[in-house]
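J.: Positions annotated as substrate binding site by Swiss-Prot, on the basis of similarity to another entry: His101, Arg117, Lys201, Thr202, Gln231, Asn238, Lys248. As annotated by Swiss-Prot, Mg(2+) 2 binding site applies to Asp108, Asp112. Positions annotated as Mg(2+) 1 binding site by Swiss-Prot, on the basis of similarity to another entry: Asp108, Asp112.
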Amino acid sequence: MGFFHDFLSRPTTYAILAVLVIPVTALAWDRLPPLLPSAKRLLVGKKNPSKITSLECPYSYIRQIYGTHHWAPFVDKLSPSLKTERPAKYHMILEIMDGIHLCLMLVDDISDGSDYRKGRPAAHHIYGPSETANRAYYRVTQLLNRTGHEFPELAPWLLQCLEEILEGQDLSLVWRRDGLSAFPVQPEERVAAYRQMAYLKTGALFRLVGQLVLENQSYDDTLSTVAWYSQLQNDCKNVYSSDYAKAKGAIAEDLRNGELSYPIVVALNVPKGQYVVPALEFRSPHNIRQALRVIQSDQVRNICLTEMKKSAVSIQDWLALWGRNEKMDMKSEK
C-alpha cells in the first residue's frame, strides 16, 4: 500500500497515467461500433427484412396490406366486358393502378413520417426511407416502360395523370414548407386553392382509371367528384375518426406535420381560426391542442361533413364500389 501511496503522490504520476490511458482508451474506442445510430444510418432499413415481414420488397409489403387489384370494381363498372374481351389490357390497367396508388402511399408515409399504415408498421420503418422511396420510383418506372412497349395507346393518359398527381403533391409540400405565407388569405380563395390541389393530386388518380379503360375523358367529371369525396373522407377521418387514429397510431397527423387539409382550411376561416395558425407555424403540444379544439368543433365538423354529403349525392353507386366508411365520431373536448 505504501508503494501505491508514494506512486500516486508523485507529481509525475498522472502524466504517466495519461500517457498510458489515453492511447489505450482511444484504441478501444476506435474499435467500438457507434452507440447511437447516425442520421445516415437511419436512412437504411433493417437487415434481412424478409425475416420480419416474410417479404423482401417495400412494394410487396404494402401490396400485401391492401391486397391486389383493388381498383377492379371501378374497371368492371366502366367496361363490364373488358376482362373477357381484352384480358391483357384489363390486367395491365389493374397493375398500373395498383402501382401508382401504392407507390404514392409509400412516398407519402416517408414525407409524413407516418409510423403505421392500416395498423401495420409503415414500410420505411422496416426497409428504410431510401430503399422504400427508390423501390417506389423503380416500380413506377417499370410500369411506364412496360406500358410504352406493350400498350403505347395508354402511355399518354398515364403520363399526363402522373404529372398532375405529382403537381398536386408538390403544391401540398410547398404549403407545408412555407406555411400560410404561400397560401391565399381570403376564405373563398383558400378553399378554391385547396380544391385545385386535390383535383390534381387525388383527382388525377381517379381520372386515370377512366382514361385507361375508355381511352377518353368522358368520365373525368364523375371520377373527379369521387376523388373529391375520397379526399374529404381521408381529411376528415384524420381528425374525426377514432378507428383511423388507432390504425395510424396518431390523431391529427396532418396538423402535426404542418400539412393543410380540408378541415384545417375550414377552421382557418371560422371566428376562432386564429388558434389554428400557431399550430401550423410552431407545432408545440399546446398549439396543437388549441387548434384541435377549433378543428373538432361542431361548426367546423358540420361544414366538413355537409360538404362530404353534398359531394356524395350524385356518386352513390361509385361510393358503394369504393367501400370505405369510417365513423367520424371524434369531437372537440369542451
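Start at 1 and count along the chain as shown; that gives each residue its number.
For all residues, glycine too, the Cβ spot is worked out from N, Cα and C.
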J.: May I ask for the distance between Asp108 (Mg(2+) 2 binding site) and Lys201 (substrate binding site), taken between their Cα atoms and rounded to an integer number of Å?
T.: 12
J.: Tell me the Cβ neighbour count for Asn238 (substrate binding site), meaning other Cβ atoms within 10 Å of its Cβ, over all protein chains shown.
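T.: So the number of other Cβ atoms within 10 Å of Asn238 (substrate binding site) is 24.
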J.: Just to verify a number: CA distance, Asp112 (Mg(2+) 2 binding site) to Asn238 (substrate binding site), in angstrom, no decimals.
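T.: Their Cα atoms are separated by 13 Å.
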J.: I want to verify one value. Collapsing DSSP to three states, which class is Gln231 (substrate binding site)?
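T.: For Gln231 (substrate binding site) - judged by DSSP and reduced to three states - the answer is helix.
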J.: Take the Cβ of Arg117 (substrate binding site) and count every other Cβ within 10 Å, whichever protein chain it belongs to.
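T.: Counting Cβ neighbours of Arg117 (substrate binding site) within 10 Å gives 22.
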J.: Are there residues of the same chain, six or more positions away from Thr202 (substrate binding site), whose CB falls under 8 angstroms from its CB, and which are they?
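T.: Gly168, Ala227, Trp228, Ser230, Gln231 - these are the non-local Cβ neighbours of Thr202 (substrate binding site), listed in sequence order.
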J.: Sort out the sequence-distant neighbours of His101 (substrate binding site) for me: same chain, 6+ apart, CB within less than 8 Å of its CB, listed by position.
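T.: Result: His70, Trp71, Leu205.
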